[in-house]
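Beneath this line is the structure, given in structure tokens, with notes to follow.
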Amino acid sequence: MLYKGDTLYLDWLEDGIAELVFDAPGSVNKLDTATVASLGEAIGVLEQQSDLKGLLLRSNKAAFIVGADITEFLSLFLVPEEQLSQWLHFANSVFNRLEDLPVPTIAAVNGYALGGGCECVLATDYRLATPDLRIGLPETKLGIMPGFGGSVRMPRMLGADSALEIIAAGKDVGADQALKIGLVDGVVKAEKLVEGAKAILRQAINGDLDWKAKRQPKLEPLKLSKIEATMSFTIAKGMVAQTAGKHYPAPITAVKTIEAAARFGREEALNLENKSFVPLAHTNEARALVGIFLNDQYVKGKAKKLTKDVETPKQAAVLGAGIMGGGIAYQSAWKGVPVVMKDINDKSLTLGMTEAAKLLNKQLERGKIDGLKLAGVISTIHPTLDYAGFDRVDVVVEAVVENPKVKKAVLAETEQKVRPDTVLASNTSTIPISELANALERPENFCGMHFFNPVHRMPLVEIIRGEKSSDETIAKVVAWASKMGKTPIVVNDCPGFFVNRVLFPYFAGFSQLLRDGADFRKIDKVMEKQFGWPMGPAYLLDVVGIDTAHHAQAVMAAGFPQRMQKDYRDAIDALFDANRFGQKNGLGFWRYKEDSKGKPKKEEDAAVDDLLAEVSQPKRDFSEEEIIARMMIPMVNEVVRCLEEGIIATPAEADMALVYGLGFPPFHGGAFRWLDTLGSAKYLDMAQQYQHLGPLYEVPEGLRNKARHNEPYYPQVEPARAVGDLKTA
């Protein structure tokens, strides 16, 4: 053994060839600060070996290196800029020394080589991969850019266009694509990986392969003519501006850095990467996006822990076909859980099957599946007008009309047709689960399972625990949601549960603004372009359905009369009374016409202004700041109340439900992350300016208390230790 650290070791493999093996405790290798330091020490040992002829890097895990240790990021990002810059210089010196070894080097890459793992293998001369490879640089998705030389080496290896596509979009690619663009030199079966890598090394050692020529371009300026450079970088900047926009500074910073570094050799190019990385690491966007990643891991880990002792349902059923039922049936079947889809009429069943077939055909068109797979999946969805097969199902989700009487009748009837241990769930969006449970003989086997539309796209499923729902019931439904590829978040019961309970105060803020003379077009523009929502409130209401929102608004008002009962006729009432239900009938705040792809496209409709004039004061202008404050304060206040009342368990789960269920702008990180970034005291000052608008604007006492003590909702993160400590951590 030449060297042994906590996460890697170095040993002789055969005559003159050494192997450096990443083998961290636990299931995966991460390129954390300790591993970077250990890698530096191992390379120091290699530099002393006079009889070294070649080096092979490999992993003892199912994946090579999954990336940097993102759990370290928030504390690293708090390190002063100068210290963070110094540590990056140290880390890059490690990869430079790997790249500068006086012998050929190869990385035998299996599974994932992402982020820092990718940057590590870019420093070797050759890369041999297994067919399950996923390699790339996802840093821009975390609000940063490559910091270990990825933005320098990749463009010089692949050419600017391929590298820009991966780096700016935060993409990873599979083995075939990696081979095609030159990111790896070959692909072999896993059992032949090490032998194949050794064979390439021997060829390089013997002079059959010119490893020095392979290495040289990475040390030099990017080989691009002025015209080629102008075209590549202009197109890349245009694409980034269009897709990422102003709220995500990392992609455009990465492109501009690669452009600026193109005319320099490795050392100066790395300095430019360092100078760009450090300011990005100190942005609110980076903290928010890293926070989302960590919250996602937390939520999925919680679901895994919750389901460790239960069997995942093997057979499911959906009550109520149509678009929603068909979407749920498709998602279950697509992920390998056969499903019975029941409705009381043929038309709805046809609609449900058509929806599932349409989604499968899209997969076929994209080349994700073949005809055989399509037929196989669709054959596991069994449409029925009766209860045939219900005696074999493990879980049933009810997705009928949003009416408590209808839902109770359907659930009570179904309970008599299934096994005593079968779990029943309701896909209600607002009706309290404990109320629906009153119709059942076995309420402990019942809970809520709130999917979001469109089911195949929206990652969140709210799992609602009723007063009598058993732990086993919740665990089974969480297991099914996870199997469907969804992110399940368990919430406690109340009208609207979590997501709709906090959404409708947001809509109430919108209605009040319209009542006071604001233009819905400006509100939408501000909330989309300035705050960052994917849709403004008017457009969102049109998509949800004005009739649906009108009904839900009444349910919420009955559930929370003190805050959500209104004493005036609002815009939603006016549009509902005029039969303007949104996209579903082509008229809402906008008029909708189908484009060439059959998708609804919004157009101006002057008639809506006359309708709104009946429920609004004369038009007046509002500042962007006031619009954002009046829209967001009711939502954030309600989010805080949900945490205080135990409806949602943690700030992390609340923020993920908002991001995955409502499209809360990821660069804000969710309501609690936004609140922490703003500061509770500053938020309180802002909210107090609007408390005259009514109970929705009254800040909860718990939040006032946070403001008094200047406390955040997320645990306080301490800056990482000094750079000197990081080197030897």
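Cβ coordinates are placed from backbone N, Cα and C, and glycine is handled just like the others.
Substrate binding, as stated in Swiss-Prot, involves N500, Y660; the candidate among D210, D296, D309 given for that site is D296. Site annotation (Swiss-Prot): NAD(+) is bound by D343, V400, V401, E402, K407, S429, N453, and the candidate from M324, M353 recorded at this site is M324.
Note on the binding-site residues S429, N453, N500: the fewest other CB atoms within 10 A surround the CB of N453. Sequence-distant neighbours of E119 (site 'Important for catalytic activity') (same chain, six or more apart, CB under 8 Å from its CB) are F95, L137, P146, F148, G149, G150, R153, listed in sequence order. Closest by Cα distance to D343 (NAD(+) binding site), from the recorded positions E139, D296, H450, N500, Y660, is H450. All protein chains shown were included, and the count of other CB atoms within 10 Å of the CB of E402 (NAD(+) binding site) stands at 16. When secondary structure is read from DSSP and collapsed to three states, H450 (active site, for 3-hydroxyacyl-CoA dehydrogenase activity) falls in the strand class. Recorded residues K407 (NAD(+) binding site) and Y660 (substrate binding site) have their alpha carbons 26 Å apart, per Cα-Cα distance.
Looking at E139 (site 'Important for catalytic activity') and D296 (substrate binding site), their Cα atoms lie 16 Å from each other.
Cα distances from D296 (substrate binding site) to the binding-site residues V400, V401, S429 are smallest for S429.
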